[in-house]
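Chemist: According to Swiss-Prot, the record shows the following:
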DNA_BIND  392-459  DNA-binding region
BINDING   Cys269, His273, Cys296, His298  Zn(2+) 1 binding site
BINDING   Cys293, Cys296, Cys313, Cys316  Zn(2+) 2 binding site
BINDING   Cys308, His310, Cys328, Cys331  Zn(2+) 3 binding site
BINDING   Cys358, Cys363, His375, His379  Zn(2+) 4 binding site
BINDING   Asp603, Asp711, Glu965  divalent metal cation binding site
COMPBIAS  39-54  compositional bias 'Basic and acidic residues'
COMPBIAS  87-98  compositional bias 'Basic and acidic residues'
CROSSLNK  Lys234  ubiquitin cross-link
REGION    39-98  region 'Disordered'
ZN_FING   293-332  zinc finger
ZN_FING   354-383  zinc finger
Amino acid sequence: MAVSLPPTLGLSSAPDEIQHPHIKFSEWKFKLFRVRSFEKAPEKAQTEKQDSSEGKPSLEQSPAVLDKPGGQKSALPQPAFKPHPKFLKESHEDGKARDKAIHQANLRRLCRICGNSFNTTGHKRRYPVHGPVDGKTQVLLRKKEKRATSWPDLIAKVFRIDVKADVDSIHPTEFCHNCWSFMHRKFSSTPCEVYSPRNAAMEWHPHTLNCDICHIARRGLKRKSQQPNMQLSKKLKTVIDRARQARQRKRRAQARISSKELMKKIANCGQIHLSPKLLAVDFPAHFVKSISCQICEHILADPVETSCKHVFCRICILRCLKVMGSSCPSCHYPCFPTDLESPVKSFLSILNTLMVKCPAKECNEEISLEKYNHHISSHKESKETFVHINKGGRPRQHLLSLTRRAQKHRLRELKLQVKAFADKEEGGDVKSVCLTLFLLVLRARNEHRQADELEAIMRGQGSGLQPAVCLAIRVNTFLSCSQYHKMYRTVKAITGRQIFQPLHALRNAEKVLLPGYHPFEWQPPLKNVSSSTDVGIIDGLSGLSSSVDDYPVDTIAKRFRYDSALVSALMDMEEDILEGMRAQDLDDYLNGPFTVVVKESCDGMGDVSEKHGSGPVVPEKAVRFSFTVMKITIAHGSQNVKVFEEAKPNSELCCKPLCLMLADESDHETLTAILSPLIAEREAMKSSQLMLEMGGILRTFKFIFRGTGYDEKLVREVEGLEASGSVYICTLCDATRLEASQNLVFHSITRSHAENLERYEVWRSNPYHETVDELRDRVKGVSAKPFIETVPSIDALHCDIGNAAEFYKIFQLEIGEAYKNPHASKEERKRWQATLDKHLRKKMNLKPIMRMNGNFARKLMTKETVEAVCELIPSEERHEALRELMDLYLKMKPVWRSSCPAKECPESLCQYSFNSQRFAELLSTKFKYRYEGKITNYFHKTLAHVPEIIERDGSIGAWASEGNESGNKLFRRFRKMNARQSKYYEMEDVLKHHWLYTSKYLQKFMNAHKAFKNSGFTINLQRSSGDTLDLENSPESQDLMEF
C-alpha cells in the first residue's frame, strides 16, 4: 500500500509506485541522528526551543521516534528522479548562512586585539570594543588628562588599530582582560615594563571554506564519526530545509513586531510627541516615514542622527539605549549616546517648516512645527494659573533647596516660555534674556554691588583677566605657549576660576597686534611691491631664484614686509598719536599729512648656536634688522607740530624687529641677497604716501628713514668701504690715518651715500686708466657697491666701547712705562695686562673679559678706576696726565651720550670744542709714544666730528644702536624659550614674540598690571634706603616677574 506524501513536501508530481513506504520514518531518523556539521546556529536553536515551549511539537519530540531502536536501518533505494534546481540552490544558500553563523559564534570567543580565546585566559572578564570606557579606566584617563572617552579611541591610541570600521561578521566584538591590563599599564605611572600582547596587529578575514577560525574550533573536540545515511533522499533534505526556513521567517517577523512594540513602550512619548496624522498636508507615505521617528513613529522632535545614518527623537533613542543596550534599534549597529549628532541643517529646515493642525478644541489653526510649542503654550496660559496650590501631602520645598533635576522639572514651563520669547525677540539668545532679567531684579531690590559684578561679566569684564592682559603677562614673563598653558590649567584647577584666558583667546588678541591685520593703501602704489595688505611673516629668501650657477645661500631668514610692519607699529601707537594731537590743541579729525621719522638699526651677533632643531646647516651667527619710530609731526599751517616723540629711544621696548637671519654679517653675498628686497621696499616708500584709517578717519603719512644704528664694521660693509684697518680711517670724511693723527680736531663730514655710489662706478670702470694705488686714492677707499643708505654719524654705544678699549690699552702701557721703553716684547706686554686685570678685579670688582662690552666700558671709564690704576704707576707726573685725560673725556662723554644735549648738558656742549682740543694736545704730547703718526678710528670721530653732528641732528645718543644691542639679548632669550623641532618655525616664533614684546599697547596693560600688583604691598622706599627704585624695562629686570 503506497503512502501518499502531503503536497507541501513538493513530491505530488511523483507517482505512488515509486514512493517508499518508510519515507516518513527515514525523515524522523534523519532528524534524530543528524550529523554535527548540520546543526543549527545557536540563535536558531534558541528560537526553536522557544517555539517548542509554546506547545508546537517538533519531529524530535515525537514519541514514535523514541520507541524505535537506534540501530535499525531501512533499505531505501536511490530515487529515480532529480531534485528541482531551485531546491538545490536554496539548500546551498542555507548552508552558507549556517556556516556564517557558526563563524560568528566562534568569533565571539576570541579577543579583537590579540586573537586569544577567552577560554584560555585566566580572567573571565570581557570588554566591548565599541563601548564607552569603564569607570576605573575613566578615572585613570582623567588623572592623566587624556581626552579619550570610548574604547575605539583608546585602542587606536595604544594599539594603532582602527575598530570603528569593524563588521560583526569579520571582527570579534570584545577584547580580553590581558589587553585591558596592557592599556592600564601604558597610562599608569607605575615603574613596570609594558609588554604588548602581540608584535603586530591581528588580521581578520571574511569566512571562507578553509577558514582558520572555524578549522581550529572544529579541531577542539574529537567525536566519533557517524556513517551518513545513504538512503536519505536529497530531495527530502531540501523539503525539510524549506519548511524550516519558512518557520524561521515567521518567527523573525513576530519577533520584529514584538520588539517594535516593546520599544514604543520604552519610549512612552505619546503625550509629548506629535502623531503624523496631525500633518496639514497628505504627504506620500515614504516622506512621512522619513520625517518620523523609527522608534515611536511620531513626527521627529529634537531629532538626532546615529553613526549608521538613522534618525530618531532624542528622548526615544536615549531611553532605548539605556534599556536595550548600545546598538541602533533599526540595524543593531553599535551605537552610543556620545555618537549622536544633529542632522544636516537642510533636513532640519524642511522639518521645521512642516504645517501641523492644532489639536486643541475650537482651534482650527495650522502652524509650522517650529512655532508649535509657542502656539500650544498660548492655549495653556488662558486655562492655567501659575500660583501653585498645595492640596496637602508632602510639603513643598523651596526652589533653591531642590536638586538640579527637580529644579528643571519645576521650571520647565518657564524655561519654554523664555526660550519662545528669546527665539521671537532676541534671535534665540536665551542666556542674555535670563541675565538681563536677573540684573533687573537685582537693581529693583537695590543690590547694586552684585548687579555691577553681573554687568561686568555680561560685558566680558568679569573676575578673569582680559586676553590682552594675559598676552602681556605671557610675553613680558617670557613664557612659551606650552608654559602658559600649564600655568593656565594649574591656576584654573587650584582656584576653580578662569583667571587667565585660554590660548585661543590670546591668539585672537595676537592677530590684531601683528603685521598683516590692518588694511592700508599707498598713493601712488609702491613700485615692485604687492598691493595685498594681509601679509604676515614671510621667508627672507622668497623671490630668490636658486640655480646651480647662483651663489648658494645657506641661511634661514624670516621677516615682515616693511610697509606692513610700519602700519602695524603706527596702529599700535594710535592712542599716543591722538593724545599728542589733543595735547597740542589740535583737532582729532585732522588727516595730516603726518611725517614719521624712523631710525634703522642693524647688527650682527656671534655664537648663537643651538643644539636642537632640524633643518639645513646654517652659520652659528645671526643678523638682526630693526627699526624705531622716533618722532611724528603733522603739518599745521606753516609749521610742523610734534605729536609724538619717543621718550626712551635706546630702549629695547621700542626697537621693533623687522628681519632675523642666521647668517654671518661678513658674508656680503648673503647679506645683500636677504636685505635687498627690504631696502627696495624702503626706497619705494620714500616717494609715496601711506593712506591709513586711524581713529575712524583716513589719514596720510610720509616716512623719513635714517640709518644710524650701525656699528663701524657694518657701515663699511653696506656702504662699500674698506675694512676698519684701512688707511682711510673715517666713514664720515676722507682723512687718512696719518692726516688724522697730525690734525686731530679740524675735520668736516664729506662722505655720503650718493658720493660712494659715484666713487664705486669710478672704481669699477677706471675711466682715467690709473694704477691700483692711484685709483684707490681717487675713490678714497670705496671698493664695493653700496646697497644700504646710512646717515654719516657716530654710534654712541660703539664709540664708548672703542674709546674704553683704547683707555684700557693706555693703562697697560702706563703701568709698564712704555714712554721709556716703547719697544717692549710681547711677554712684557702680557705681564702688564695681567697686572692691570688683577688690580682692577681687586679694587673695582671688574672681572677680565675677552672682548670689550658696554657694561665693562661704563665701569672702566670713571675717576675711581684712574685712581686705582695710578697706584701701579710710580711717576707722579704720569698720574696728573692720566687724571687730566680721564677728566676731559668724562666732560665730553655726555655730549654724545645724551638724547638731547642742549637740554641735558648745555655746559658740556659749549665747552666741547675747548675740551677736545686740550684732549688732542695731551695725546700729541704726553702720550706721543702711542699716537705719533697714528690714531684710533673712534678717537678721531670723537674729537673731530661730534660738534658737527650735534649741530645737524641735535643728538647723537638718541640715534645710537643701543636698543638693537639690547634686542640681541632678547633674541637669545626668545630663541631658548621657543625651542622647536624645526628651525624655520623657531625663527617665526622668535620674530613674532619679539614683535609683541615691543608693543606699546601691551606695555600699557603690563604697566597697569605691575602698578596693581605693587599696590598690594606697603613699601616705604625713602625710609629704607632713600633711593628710588629703578625698575628698567630690560630682560634682567624681567627675571623678577617669572612665574
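Counting begins at 1 with the first residue displayed.
Each Cβ is built from the backbone N, Cα and C atoms, and glycine gets one as well.
If you look at the structure here, what lies around each of the features I listed?
Modeler: Under the three-state DSSP scheme, His298 (Zn(2+) 1 binding site) falls in the coil class. There are 22 other Cβ atoms within 10 Å of the Cβ belonging to His298 (Zn(2+) 1 binding site).
DSSP classifies Cys293 (Zn(2+) 2 binding site) as coil under the three-state reduction.
In the three-state DSSP classification, Cys328 (Zn(2+) 3 binding site) falls within coil. Cβ-based neighbour count (10 Å, all protein chains) for Cys328 (Zn(2+) 3 binding site) stands at 20.
For Cys358 (Zn(2+) 4 binding site), the count of additional Cβ atoms within 10 Å of its Cβ stands at 17 [all protein chains shown].
A sphere of 10 angstroms centred on the C-beta of Glu965 (divalent metal cation binding site) encloses 24 other C-beta atoms.
Here the zinc finger (354-383) has, by DSSP, the following mix of helix, strand and coil residues: 15 helix, 6 strand, 9 coil.
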Chemist: Could you find out if DSSP has Cys313 (Zn(2+) 2 binding site) as helix, strand or coil?
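Modeler: DSSP assigns Cys313 (Zn(2+) 2 binding site) to strand.
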Chemist: Quick one: what's DSSP say for Asp603 (divalent metal cation binding site), helix, strand or coil?
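Modeler: Asp603 (divalent metal cation binding site) sits in a strand per DSSP.
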Chemist: Determine the Cβ neighbour count for Cys269 (Zn(2+) 1 binding site): the number of other Cβ atoms within 10 Å of its Cβ.
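Modeler: Around the Cβ of Cys269 (Zn(2+) 1 binding site), 18 other Cβ atoms lie within 10 Å.
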Chemist: Please report the Cα separation of Cys363 (Zn(2+) 4 binding site) and Cys331 (Zn(2+) 3 binding site) in Å, rounded to an integer.
Modeler: 41
Chemist: Give me the CA-CA distance between His273 (Zn(2+) 1 binding site) and Cys313 (Zn(2+) 2 binding site), in Å, as a whole number.
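Modeler: Rounded to the nearest whole number, the Cα-Cα distance is 9 Å.
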Chemist: Consider the binding-site residues Cys296, Cys313, Cys331 and say which one has the Cα lying nearest the Cα of Glu965 (divalent metal cation binding site).
Modeler: Cys313
Chemist: Here's one to test understanding: among the binding-site residues Cys293, Cys296, Cys316, His375, Asp603, whose C-alpha is closest in space to the C-alpha of His310 (Zn(2+) 3 binding site)?
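Modeler: For His310 (Zn(2+) 3 binding site), the spatially nearest of the binding-site residues is Cys293.
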Chemist: Around His375 (Zn(2+) 4 binding site), how many other C-beta atoms are within 10 angstroms of its C-beta?
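Modeler: Summing over all protein chains shown, His375 (Zn(2+) 4 binding site) has 16 other Cβ atoms within 10 Å.
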Chemist: Which binding-site residues from the set Cys308, Cys313, Cys328 come within 10 angstroms of His298 (Zn(2+) 1 binding site), judged by C-alpha positions?
Modeler: Cys313
Chemist: Using DSSP, how many residues in the DNA-binding region (392-459) fall into helix, strand and coil?
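Modeler: Taking each residue of the DNA-binding region (392-459) in turn, the totals are 50 helix, 0 strand, 18 coil.
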Chemist: For Cys328 (Zn(2+) 3 binding site), identify the closest of the binding-site residues Cys293, Cys358, His375, judging by Cα separation.
Modeler: Cys293
